[in-house]
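Encoded as structure tokens, the structure appears first; notes follow it.
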Amino acid sequence: MQIVTSPSELRALRREWKGTVGFVPTMGALHKGHLTLIQKSKAQNEKSIVSIFVNPTQFGENEDFAHYPRKPEADANICQKAGVDILFMPKAEDIYFEGDEVLLKAPQKSGFVLEGAARPGHFDGVLRVVLKLLHLTSPTRAYFGQKDTQQLLLIQKMARELFLPYEIVPCPTERDSDGLALSSRNAYLSEAEKKEALKISASLKEATKHIMTGELQSSQIKERALKVLEGVEVEYFEIVDRNLMPLERIIKGETIILVTARVGKVRLLDNLWI
């Protein structure tokens, strides 16, 4: 495995490869969910690139950029054992130029609801860095987890509308044995908070149970699910279509249920595709 920090070195190495290339962009603090993406890339491509970059432009002023977990040595070891070909670990000054003027704006509707409403400017930063990383790595396929559903859908939209020649591959959410969606931020949780956080996935199970028994009215499903979340600080629990617009009734094959809540100081996301 080669560890690369320079965009020019990455592009030079990439030009030497003629076969299929998979790309897994991450912010580090790698866990089993990331490893699943890497394994999928390895299985579907001749070469695989992983990036680790805590992107400053997707964090707001009062968010946890400075405290986001960083484990470069452990992450490099995980990538080495997984058979990654190139680990790209740039610094902010390698990705962004002083006085950058060519910016990217998230879609006015789907980019400023849900996470976009809670974190203004977040998806501008996400799309900007993902586009840069895709151009630097020129992958055949790029892998993104469904846990960050809104991010995934917006990246797919960007790829489609900008005619990017890269396949965006969605990958199912990985969970621990209790059902908690894996996240780098789980490291912040105490044992008591981890138990409390299980209410998040439990609320999705509750919603599924009622849908399976024939309840299709979104308001009724939401009401029942929110009872499971009592005691947790819920930011939103929404039932939307694939364009992230609200649905009054469940449409199987077109519905996503998204929940975001705070447990202690930790903000956690989860979702269910129906």
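Backbone N, Cα and C atoms are what each Cβ position is placed from, and that goes for glycine too.
Taken verbatim from Swiss-Prot:
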BINDING   27-34, 145-148, 182-185  ATP binding site
ACT_SITE  His34  active site, proton donor
BINDING   Gln58, Gln151  (R)-pantoate binding site
BINDING   Gln58  beta-alanine binding site
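When the alpha carbons of His31 (ATP binding site) and Gln151 ((R)-pantoate binding site) are compared, the span between them is 19 angstrom. Its own atom aside, the Cβ of Ala29 (ATP binding site) has 20 Cβ atoms within 10 angstroms in the protein chains shown.
Around His34 (active site, proton donor), the C-beta neighbours below 8 angstroms that are at least 6 residues distant in the chain are Val24, Thr26, Ile78. Counting only residues at least six positions away in the same chain, the Cβ atoms of Glu115, Phe123, Val126, Phe144 sit under 8 Å from the Cβ of Gln151 ((R)-pantoate binding site). The 10 Å shell around the Cβ of His31 (ATP binding site) contains 16 further Cβ atoms across the protein chains shown. Sequence-distant neighbours of Ser184 (ATP binding site) (same chain, 6+ residues apart, CB-CB distance under 8 A): Met27, Gly28, Ala29, Leu30, His31, Tyr68, Pro69. For the pair Leu182 (ATP binding site) and Gln58 ((R)-pantoate binding site), the C-alpha distance works out to 20 angstrom. Cα separation, Gly33 (ATP binding site) to Gln58 ((R)-pantoate binding site), rounded: 21 Å.
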